[in-house]
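Data block below; observations after.
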Amino acid sequence: MSTSSQSYPMSGGDDQHSYIHNSSYQKAGIDGVQEKARQYILENLDLLNMNPNLSTFTIADFGCSIGPNTFHAVQNIIDIVKLKHLKESQEDSRVAPLEFQVYFNDLPNNDFNTLFRTQPPSSKQEYFSVGVPGSFYGRVLPRNSIHIGNTSFTTHWLSKVPEEVCDKNSLAWNKNYIHCNNLIEEVTEAYKVQFEKDMGVFLKARAEELVPGGLMITLGQCLPDGVAMYETWSGIVKDTIGDCLQDMATLGVTTEEKIEMFNLPVYFPQVSELKGAIEQNIRFTIEMMEIVSHPLEAVQLSNNFITSMYRAILSTVIERHFGGSVVDELFRQFAKKLSEHPIDFEKCKKQMVYHIVLKRK
């Protein structure tokens with residue numbers, strides 16, 4: 001069963017600040033690899049070897065948030081599987097008609113009400129839906145119950161902040177920063193160790209839930225080897241948010257002590273770190289691993305786009321630590337700083353998108 005972990009879902013609801021209206025960056029990443037995923041599944045998914053009498057095909061989206069991207073990703077998978085099923089049924093009469101069961105998983109305080117309220121009506125004729133609350137850093141579904149698992153832009157969220165980075169007596173104390181920007185070697189090492197541990201737990205749980213021959217599709221962001229987080233636009237954004245918090249402490253809105261104890265449970269691995277963490281799990285084979293540019297990485301994103309996206313992503317974790325009254329002022333200050341000092345995207349080093357397909361042995 002799922003083990004306890006820090007719980008910071010995306011901003012819920014359906015207002016202007018919610019994740020549902022501020023996740024187009026993530027959708028662009030999903031769209032960017034859709035054709036490659038389609039091609040792989042068509043060529044490699046073997047329904048007959050899974051079970052010639054298979055009548056219910058099960059899909060799980062881990063870290064689904066509140067939509068709409070989860071519905072988009074799931075529908076892509078279903079469309080591909082239906083096409084593959086049609087092809088196999090024409091070639092072999094043993095192939096049974098298929099129904100689809102989809103499990104939508106996220107943290108218990110994820111806004112599942114908004115998720116299912118905004119589910120496309122057409123999808124209800126395509127598959128049966130189930131919400132599964134629980135951290136994916138542990139099992140959330142029965143053994144051998146899933147044919148395809150999917151997760152998109154989730155595993156950079158750690159199960160917890162490494163304890164050392166909040167310890168004033170540790171060399172890894174991250175006093176002047178709110179995230180792992182790779183400026184302090186000991187901080188980077190603490191985050192890296194936590195990421196490797198979490199990825200191991202994640203893959204172990206998925207290996208138990210997937211049927212033999214089942215696929216785990218993982219999409220997320222990483223850093224090219226040798227690139228530091230502070231050199232990317234995303235790193236600059238988080239450092240700027242940290243600067244805004246310092247300004248608010250000066251004004252008495254929050255305190256230095258609270259800021260010193262605040263770190264984001266987020267780590268973007270370098271490519272070699274990511275591959276090493278995945279290869280540790282012997283119950284999967286790496287069927288495909290590609291590192292590609294995000295479709296929007298070369299675009300000069302507007303200040304409003306950046307502010308809205310990061311508010312939707314970070315407001316829950318910020319509110320939990322500093323209190324809800326801080327959020328509005330923080331992002332007002334953040335928008336002001338971006339206006340005064342726009343990010344020069346051309347000078348920033350690029351984060352990359354990893355697209356990995358694993359097969360359960």
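Keep in mind that glycine also has a Cβ here, set from the backbone N, Cα and C atoms.
Among the candidates Tyr19, Tyr40, Tyr177, the residue that Swiss-Prot annotates alongside Cys64, Asn69, Asp106, Leu107, Ser135, Phe136 as binding S-adenosyl-L-homocysteine is Tyr19. Cross-referencing Asn150, Asn169, Asn174, Asn181 against the Mg(2+) binding annotation in Swiss-Prot, which names Glu260, Phe262, Asn263, picks out Asn174. Long-range Cβ neighbours of Asn263 (Mg(2+) binding site) (same chain, at least 6 residues apart, Cβ-Cβ under 8 Å): Val161, Val165, Cys166, Asn174, Tyr177, Ile178, His179, Cys180. Reduced to three states, the DSSP call for Cys64 (S-adenosyl-L-homocysteine binding site) is coil. Excluding Asn174, Glu260, Phe262, Asn263, which define the Mg(2+) site, the same chain contributes Val161, Val165, Cys166, Lys175, Tyr177, Ile178, Ile259, Met261 within 8 Å (Cβ to the Cβ centroid), listed in sequence order. The local packing around Leu107 (S-adenosyl-L-homocysteine binding site), expressed as other Cβ atoms within 10 Å of its Cβ over all shown chains, amounts to 21.
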